[in-house]
Amino acid sequence: MAEPIIVKGQKQNAMGVKRKGAEKVRHVAADAEHFEQERLKKPSWIRAKMPTGPEVMRMKAMMREQKLHSVCEEASCPNLGECFRFGTASFMIMGDICTRRCPFCDVAHGRPRPLNPFEPRNLAQTVYNLGLAHVVITSVDRDDLRDGGAAHFAACIREIRRVSPKMTIEILTPDFRGRAELAVQILSATPPDVFNHNLETIPRFYDVVRPGANYERSLHLLRDYKKACPKKIITKSGLMVGLGEEIEEILQVMQDLRSHDVDMLTVGQYLQPSVHHLPVKRYYTPEEFDFLAQEGKKMGFLHVASGAMVRSSYHADRSAQTVL
């Protein structure tokens with residue numbers, strides 16, 4: 001699907017116009033020196049498979065036919081080729097335009113279009129056709145909606161339960177800024193099997209890395225959702241490393257997650273989507289990722305996936321099997 005093009009005279013805030021790269025992040029209050037750092041050479045242990053082959057083409061065609069999006073494509077995930085080849089994907093609902101401008105993320109920013117009322121049905125039919133045992137549903141931030149999109153998440157969960165009652169469901173949500181209480185109320189009435197919300201980074205980086213987000217608010221969302229659920233729910237969060245944080249700061253975030261009763265953790269290497277995004281300050285070694293996994297297990301996480309290519313939904317089906 002071709003990206004909308006901004007033409008001369010077109011309103012910059014027109015609905016449906018996608019801003020990426022420099023146009024997306026130019027208003028983010030970040031130190032210019034941070035963006036202009038020379039790009040580091042990727043080490044030998046960071047290798048992604050090319051997104052080619054018949055299964056990859058089949059998955060993309062199916063997405064287009066059902067008017068669905070995957071975070072794999074929209075966020076330029078390096079694992080797209082591997083996941084699509086095995087018939088798995090993380091479905092991104094509520095469109096492909098985000099109301100936030102996080103400078104680490106490659107999802108487009110702009111004024112989103114209205115929600116597609118047929119999306120829950122199309123999503124449920126697609127995951128049924130794929131024969132998935134476990135599905136991951138995420139979304140763009142929708143700060144334009146009264147409930148932040150919580151009711152649309154719930155509609156997708158209900159429709160998948162109706163069509164595929166044995167399928168386990170994992171949702172990766174935004175922080176529902178200013179609407180978290182309402183979102184928790186809506187989603188606790190239609191719970192998934194795994195509730196995931198990523199902290200992404202350490203608290204001192206939030207103003208630059210997650211503009212519009214709040215570290216404590218994200219922790220409270222994870223805690224409050226678990227408390228509100230009428231059934232046992234697994235909670236999960238994810239971190240990316242390599243933006244200049246110290247190991248001790250990562251360990252403190254992990255402790256904060258455990259103190260808010262989070263069960264599962266993913267830790268992966270941040271990779272710069274383009275020259276316009278935040279640069280990688282450091283590449284972590286496999287040994288450092290192993291260390292973080294070991295420390296996480298000591299803290300009491302039920303499952304820790306830690307590695308350079310690990311992402312929130314990477315092998316999420318296998319991870320879920322260990323705790324559900």
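Each residue, glycine too, has its Cβ placed from N, Cα and C.
Positions annotated as [4Fe-4S] cluster 1 binding site by Swiss-Prot: CYS72, CYS77, CYS83, SER313. All protein chains considered, the CB of SER313 ([4Fe-4S] cluster 1 binding site) has 29 other CB atoms within 10 Å. SER313 ([4Fe-4S] cluster 1 binding site) falls within neither a helix nor a strand when secondary structure is assigned with DSSP, and so counts as coil.
Residues or ranges marked as domain 'Radical SAM core' by Swiss-Prot: 84-302.
Using a 10 Å radius centred on the Cβ of CYS105 ([4Fe-4S] cluster 2 binding site) and all shown protein chains, the other Cβ atoms total 24. According to DSSP, CYS105 ([4Fe-4S] cluster 2 binding site) is assigned to coil rather than to any helix or strand. Residues or ranges marked as [4Fe-4S] cluster 2 binding site by Swiss-Prot: CYS98, CYS102, CYS105.
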Looking only at CYS98, CYS102, the binding-site residues on record, which one has the least crowded Cβ, with the fewest other Cβ atoms within 10 Å?
CYS102
